[in-house]
Amino acid sequence: MANADPAAHVRRREQTKGRDLSYPPLPEPLVVGVYDNHTHLEIADGENSIDFREHLDRASSVGVRGVIQVGGDLETSRWSAETALHEPRMLAAVAIHPNETPAYDAAGTLDDAIAEIDELASRPRVVAVGETGLDFFRTGPEGRAAQYRSFEAHIEIAKRHNLALQIHDRDAHAEVIATLLRVGAPERTVFHCFSGDAEMARICTENGWYMSFAGTVTFKSAGDLREALAVAPRQLLLAETDAPFLTPEPFRGRPNAPYLLPHTLRAMAAHLETDVSLLAAQIASNTELVYGRWDAEPVTAPHDLPRGDAGPVGGLA
Ligand SMILES: [Zn+2]
């Protein structure tokens, strides 16, 4: 889909005062490569914005072989689908984010937006529907009916296209689980930025749902999350950055990027008392089972993506 405004997809992270806006240094490279199965390279952060290709170059240099670029509204979903078509290290996920849903609903455009997500879901290198789900933290009771309607429509799209489902679940564990059980979950269902406890990990395990751990698993306060990690079967583990958010320790608060995933992986391996290369190999294998291989569908030449106009560039947002 042609975009009239080449920068329509660019989002800039809301800044809080006093935050350190410098990107952390490159970590020691992983010996066995992994994938970041949830990132937002269209959201500019940091003192100098970084083009998505530079993000991917940095990631490659430390063993993060590829990413799933996740859209959250129509513009970013279009950009994700279009960019993945030309970039071998990127696959795409498309959806209307649960916190964007109420605005589409209020404007009377939610059904049209979901119809376009359905169309984008049929594109090459679009491997997941997400992020979709329920968020009772940012959206109040008045937005919940629209969130449920949108979540159920996204589940249906994922099943019809045989794509993975990436779930955003914030303060809505019971309701998300109940919805999946009521309407039937897609074959490959992923809790992005898994935030449950050991009990929820058991429910996911019973249902064969994947748990994707983000930088939050490195936070001091995240004891419940580490207990969940400890009881989750290794074959249901995934790893992600959710960049530019949720930067792992020891750089919490600074801008996040796919190249920082090794910190999360090393913290997971340390907690599981396993070798980081063995864990990386298992997670890479799980990731390919969920989304397919990054080279399964060939990329095409980027005829309409001149460098500098495509990524988040300072001053555009
Ligand atoms: Zn996200």
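Note: Cβ is positioned from N, Cα and C throughout, glycine not excepted.
According to TrEMBL, the feature region 'Disordered' maps to 1-24.
The divalent metal cation 1 binding site annotation in TrEMBL covers His38, His40, Glu131, Asp242. Around Glu131 (divalent metal cation 1 binding site), a 10 Å sphere centred on its CB holds 28 further CB atoms from the protein chains shown. Under the DSSP three-state reduction, Glu131 (divalent metal cation 1 binding site) is assigned to strand.
Feature annotation from TrEMBL assigns divalent metal cation 2 binding site to His168, His192. Cβ environment of His168 (divalent metal cation 2 binding site): His97, Pro98, Gly130, Glu131, Thr132, Gly133, Leu134, Asp135, His192, Cys193 lie under 8 Å away, each six or more residues apart in the same chain. A strand conformation is recorded for His168 (divalent metal cation 2 binding site) in the three-state DSSP classification.
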Chain-internal residues, separated by at least six, CB under 8 A from His38 (divalent metal cation 1 binding site): Ile68, Val70, Ala93, Gly130, Glu131, Gln166, His192, Cys193, Ser212, Ala214, Glu240, Thr241, Asp242
Sparsest-packed of the listed binding-site residues (His40, His192) - C-beta count within 10 angstroms: His40
Secondary structure composition of the region 'Disordered' (1-24) [DSSP: H/G/I, E/B, coil]: 0 helix, 2 strand, 22 coil
Three-class DSSP secondary structure - Asp242 (divalent metal cation 1 binding site): coil
Environment of His38, His40, Glu131, Asp242, the listed divalent metal cation 1 site - residues of the same chain whose CB lies within 8 A of the CB centroid: Thr39, Val70, Gly130, Gln166, His168, His192, Cys193, Glu240, Thr241, Ala243, Phe245
